[in-house]
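*Asks:* Just lifted these from TrEMBL, have a look:
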DOMAIN    B:6-326  domain 'Aminotransferase class V'
MOD_RES   B:LYS191  N6-(pyridoxal phosphate)lysine
BINDING   B:ARG335  substrate binding site
Number of protein chains: 2
Amino acid sequence: MQDKHYLMIPGPTPVPPAVVAAMSRPMIGHRSEDFAALHRRIEEKIRRVFGTVHEVFILTHSGTGGLETAIANVVSPGDKVLALITGNFGERFAKIARAYGAEVDEINFGWGKNVDLTVVAEKLAGDPGYKAVLATQNETSTGVLNDIAGIGALVAKTPALLLVDGVSGVGGIEIKMDEWHVDILVTASQKAMMLPPGLAMVAVGPKAWPVIEGNSAPRFYFSLPAARKSFEKWNTAYTPNVSLFQGLDAALDMMLAEGLENVYARHILLARAVREAVLALGLRPLAEAGYASPTVTSVYSPEGIGADDIRKVLKEELGVTFAGGQGILKGKIFRIAHMGFADKMDVILAVAALEMALTRVGYPVELGKGVKAAQEVLLGR
Amino acid sequence: MQDKHYLMIPGPTPVPPAVVAAMSRPMIGHRSEDFAALHRRIEEKIRRVFGTVHEVFILTHSGTGGLETAIANVVSPGDKVLALITGNFGERFAKIARAYGAEVDEINFGWGKNVDLTVVAEKLAGDPGYKAVLATQNETSTGVLNDIAGIGALVAKTPALLLVDGVSGVGGIEIKMDEWHVDILVTASQKAMMLPPGLAMVAVGPKAWPVIEGNSAPRFYFSLPAARKSFEKWNTAYTPNVSLFQGLDAALDMMLAEGLENVYARHILLARAVREAVLALGLRPLAEAGYASPTVTSVYSPEGIGADDIRKVLKEELGVTFAGGQGILKGKIFRIAHMGFADKMDVILAVAALEMALTRVGYPVELGKGVKAAQEVLLGR
């Protein structure tokens, strides 16, 4: 049926009506007092989401632009960088650093595994010359959550900066940038922040500024010193996406009205419900329970059945869109997002649709069994 | 969660994004050529939905205004009217006729039953003096579908006009106004037509016009002769709700793109899925299968449990809104709409939520059992 779509991919995620309404407000000039007031309101609220007292720059580009902003301001040719990789987005972060001429040491923990802190500790003890350590909070390609607090405690003892990709985590999963010693934290609008794509948010801590000021890599649009200068007058260095700023203001209001603790607890509950349902259906989640993502669940397709065949039935017959696997997991897994504007009945719908699609592609499941498992989690039984 | 609502009441129903977008287009003058073109486009399409080659007037008031339009143009004080009543809206139609001075003979078939054609045939044979017969296609208060073709065949043999309330049916349930001998057919925007409330659509057949022209009841805003005069120039007699006209144009495009046969089959399928689920949970539908509505299913609350207690849990804990009972059924039934912008996963969601709410209020159901029954219907098994 036209327009009857249930988007359950890890970004872009569904946008709440209140955010759509805010984005439909009349355009305002970006050098106006109205914009400055809007920017200030956003800043006061978004710092709570980031767990920081420092500036969070709202930049008009996507999450990858946000990651490049972090790199371009910190890394110069020949700098040594340590990349902690648990999937596609960890690899991308390292790739950007290499594009800026860094000598990148990669530790690849495997797609579906999380960062092992003892390995990181050893690596940092063995080579004290890293300028930056790159980590991913929530690896979207695998549905793995990494221990940023643990990584932060290790990196804080060294001169290196900790740059964190929080793109599919921030806003849905707790992060305490200052307390956890994150020096630059990046997220984007189209994930747990409940907005369309188009904005990256980059927060910068005090340990990072001397490095940023002294960095020699070329940067103009991505310049954090330029962003900081404009920020003093609640301005942006270049033309901002005004509509998304208006939407962000509304999205932050929604998150704070719900209460950040409740937002985080909701994501954990939804992830548990999906996981129990998947297990009840005899399927295997990619990530172990101890480090499974609260915002996206990756599931292996049953033996002999292509994940994309399941996704095709879901989309064409039921209007439900799951994400597929990336890189080495292409065709092998599907990913169910429960991120941002998602609540109990959305995950029930996802599980029921999965049962129906599995039935269609010839994998025998007991209809309703996964739903029951999810219902029990959601009812707190 | 704010904005996370699943509206499953028999009107207003959810509005598709394409319709919202159309309603957001700039205002146009209602005496402009643009409006005339819009009106003409609508008319060409809506006649197919009504099953008529005659005028369908799009009037700016609610469904009750539409019923009053039918009565005000047909009934004068002292006229004899036969009202075929199967619930709240049948009673309302009769009440409007009495407000215009009609002598109304009511046949009340009981709330939850349908119109018995043999009773109607006897009544019409016994008294040939009726000016109008009032019938309800789809009785929203009970979820009962009446046999309009059957009633039409009986009334066509008499001088009486058949006035049909099609408010919660037209657009979701097949109706053939001309073939079935319906003289005035009324519907409204906020049901199967997938629009917000604010428009009534009133179609008038050739047998009705001499009666309408000769009627002596006072009428101005509700005047069908006035509507007909303006209609000749693709105009409306009084200021129309322009946004809803724009939305109606888009909604009709959606319906015709899907194909009316498919739209009707979809509603029947969804109703079957809900009914089987309800039965699997040990609950009792109000209407028997043979005349259960394709657009709304009424279900008795289990013994000792108030229907409104179930509805409260659904709304407050799960964001799902079912309708309650009306009149004598208040507190005894709940009503699940699957009307207009509704598809497979919506009814699955409704059933899963019902299971969870029943569990919460202490009625023992096997979680997932109703979902399974619905899934099987939807998978065609």
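Placement of Cβ uses the backbone N, Cα and C atoms for every residue, glycine included.
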*Asks:* Report, as a single number, how many Cβ atoms besides its own are within 10 Å of the Cβ of B:ARG335 (substrate binding site).
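*Replies:* B:ARG335 (substrate binding site) is surrounded by 25 other Cβ atoms within 10 Å.
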*Asks:* Measuring Cα to Cα, how many Å separate the residue listed as 'N6-(pyridoxal phosphate)lysine' from B:ARG335 (substrate binding site)?
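*Replies:* Just about 14 Å between their Cα atoms.
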*Asks:* Including all protein chains shown, what's the count of other C-beta atoms within 10 A of the C-beta of B:LYS191 (N6-(pyridoxal phosphate)lysine)?
*Replies:* 28
*Asks:* Would you mind giving the whole-number mean pLDDT across the domain 'Aminotransferase class V' (B:6-326)?
*Replies:* 97
